[in-house]
């Protein structure tokens with residue numbers, strides 16, 4: 001179906017008192033992203049010509065958090081209802097475009113549902129998103145005559161008979177810009193709340209003989225709003241289980257879908273296995289046959305085929321080639337790169353460092369600002385001393401180097417191909433190819449040594 005041009009209004013002016021937070025409610029996160037950002041992303045994916053964000057409380061925080069989005073900021077200085085909020089945005093509506101109204105605290109609305117609503121909007125009428133609830137207490141009821149929508153009655157204004165209606169208003173609707181402006185101008189606050197209800201435009205449209213078409217979302221969670229942290233946590237689990245189901249059906253083995261969090265985008269190969277309590281953040285790619293142990297955090301990283309990440313490992317902004325093994329208890333920080341078959345063991349940290357093919361750093365090591373060649377052995381307790389208190393410097397280690405335990409490499413320093421660094425050495429000068437570097441105090445031995453005795 002050919003759609004008109006469309007702009008989106010997102011209502012985000014509420015204080016969120018029940019969140020008990022200094023942060024505006026819509027900036028609280030779901031799946032690692034602000035609730036309102038989910039809604040903005042949906043609007044952009046729909047192809048909105050403009051996104052008008054109606055704000056009030058915490059405007060500076062909102063503008064800072066959403067500074068990268070192309071938004072038209074609309075101030076609602078007083079919160080006098082949804083109709084009043086839309087009235088503030090109305091001067092920006094073009095007559096020949098459709099206006100879609102969304103909410104910053106309803107984060108899981110899907111693009112698919114919104115597109116169906118957009119397609120269903122009748123010419124000159126209103127498309128309205130509704131659901132049926134077993135217990136509709138507190139929600140505006142959809143009134144009908146002969147099956148046709150005639151209006152919406154808020155719960156506090158409804159009669160006992162109207163309160164028996166199970167079909168309720170979600171607040172999401174779409175209408176033509178010129179019609180919307182005309183109806184908004186006719187709103188009054190003659191109701192129990194003393195507010196201007198956007199829902200009153202339904203009755204106004206019906207009185208003009210306009211058609212109102214109701215559409216239902218695919219899932220109830222799409223239209224659930226958030227007013228407190230309990231509701232947010234429940235919606236988080238709903239979202240996460242939905243993501244887990246999609247991954248399971250796509251061939252990813254999640255050992256317990258209830259203990260998996262996706263806070264971004266996961267691209268994966270075949271036969272991927274993910275154990276419990278794993279968190280995926282940002283954009284992550286997992287190759288074929290990747291295995292991730294329990295308690296790992298993977299963020300903005302590429303993991304190659306046949307890699308195995310052992311429990312409680314953190315990988316951030318890193319790139320792993322095929323057949324690498326990591327952890328347990330390892331940390332790969334931004335700029336870490338492992339070439340094919342490399343191994344990083346327990347309590348090893350890497351930052352802005354490359355570990356070559358088949359190279360190993362097995363235990364208790366820090367590699368920062370370093371280039372390590374192929375087939376290198378990094379002994380336990382090795383540290384690249386890359387910082388002099390003011391600037392960072394680089395360590396370069398050639399292929400086939402053996403670095404003994406408890407070695408300190410004071411950068412800038414280069415170790416040539418095939419060199420050996422004796423255990424306990426502090427390397428302060430370059431080491432040539434195939435050379436042995438050793439710096440130790442000569443060992444002495446005192447026979448019959450007695451330890452000091454504590455004074456009683």
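Cβ atoms here come from the backbone N, Cα and C positions, even for glycine.
Pulled from Swiss-Prot, these are the features on record:
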- 1-229: region 'Pyrophosphorylase' (REGION)
- 11-14, 25, 76, 81-82, 103-105, 140, 154, 169, 227, 333, 351, 366, 377: UDP-N-acetyl-alpha-D-glucosamine binding site (BINDING)
- 105, 227: Mg(2+) binding site (BINDING)
- 230-250: region 'Linker' (REGION)
- 251-456: region 'N-acetyltransferase' (REGION)
- 363: active site, proton acceptor (ACT_SITE)
- 380, 386, 387, 405, 423, 440: acetyl-CoA binding site (BINDING)
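Feature annotations (Swiss-Prot) mapped to structure.
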{"residue": "14", "record": "UDP-N-acetyl-alpha-D-glucosamine binding site", "DSSP class": "coil"}
{"residue": "81", "record": "UDP-N-acetyl-alpha-D-glucosamine binding site", "DSSP class": "coil"}
{"residue": "104", "record": "UDP-N-acetyl-alpha-D-glucosamine binding site", "DSSP class": "coil"}
{"residue": "363", "record": "active site, proton acceptor", "DSSP class": "strand"}
{"residue": "377", "record": "UDP-N-acetyl-alpha-D-glucosamine binding site", "DSSP class": "strand"}
{"residue": "386", "record": "acetyl-CoA binding site", "DSSP class": "coil"}
{"residue": "423", "record": "acetyl-CoA binding site", "DSSP class": "coil"}
{"residue": "440", "record": "acetyl-CoA binding site", "DSSP class": "coil"}
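The distance from the Cα of residue 423 (acetyl-CoA binding site) to the Cα of residue 227 (Mg(2+) binding site) comes to 60 Å. In the structure as shown, the Cβ atom of residue 11 (UDP-N-acetyl-alpha-D-glucosamine binding site) sits within 10 Å of 29 other Cβ atoms.
Take the binding-site residues 227, 377, 386, 405: by the count of other Cβ atoms within 10 Å of each Cβ, the lowest one is 227. A coil conformation is recorded for residue 154 (UDP-N-acetyl-alpha-D-glucosamine binding site) in the three-state DSSP classification, outside any helix or strand.
Residue 81 (UDP-N-acetyl-alpha-D-glucosamine binding site) and residue 105 (Mg(2+) binding site) have their C-alpha atoms 15 Å apart, to the nearest angstrom. The residues of the region 'Linker' (230-250), classed with DSSP into helix (H, G, I), strand (E, B) and coil, number 20 helix, 0 strand, 1 coil. The 10 Å shell around the Cβ of residue 14 (UDP-N-acetyl-alpha-D-glucosamine binding site) contains 24 further Cβ atoms across the protein chains shown. If you take every residue in the region 'Linker' (230-250) and average the pLDDT, you get 98. Residue 440 (acetyl-CoA binding site) sits 67 Å from residue 14 (UDP-N-acetyl-alpha-D-glucosamine binding site), taking the C-alpha atoms as the reference points. Looking only at other Cβ atoms within 10 Å, the busiest spot among the recorded positions 363, 440 turns out to be 363.
Ranked by CA distance from the residue listed as 'active site, proton acceptor', the binding-site residues 333, 377, 380 have 380 at the top as the closest. For the recorded site, residue 227 (Mg(2+) binding site), the DSSP three-state label reads coil. The binding-site residues close to residue 14 (UDP-N-acetyl-alpha-D-glucosamine binding site), defined as a CA atom within 10 A of its CA, are 105 out of 105, 380, 386, 387, 405. Of all the binding-site residues in the list 105, 154, 333, the shortest Cα-Cα distance to residue 380 (acetyl-CoA binding site) is found for 333.
Rounded to the nearest whole angstrom, the C-alpha distance between residue 333 (UDP-N-acetyl-alpha-D-glucosamine binding site) and residue 386 (acetyl-CoA binding site) is 15.
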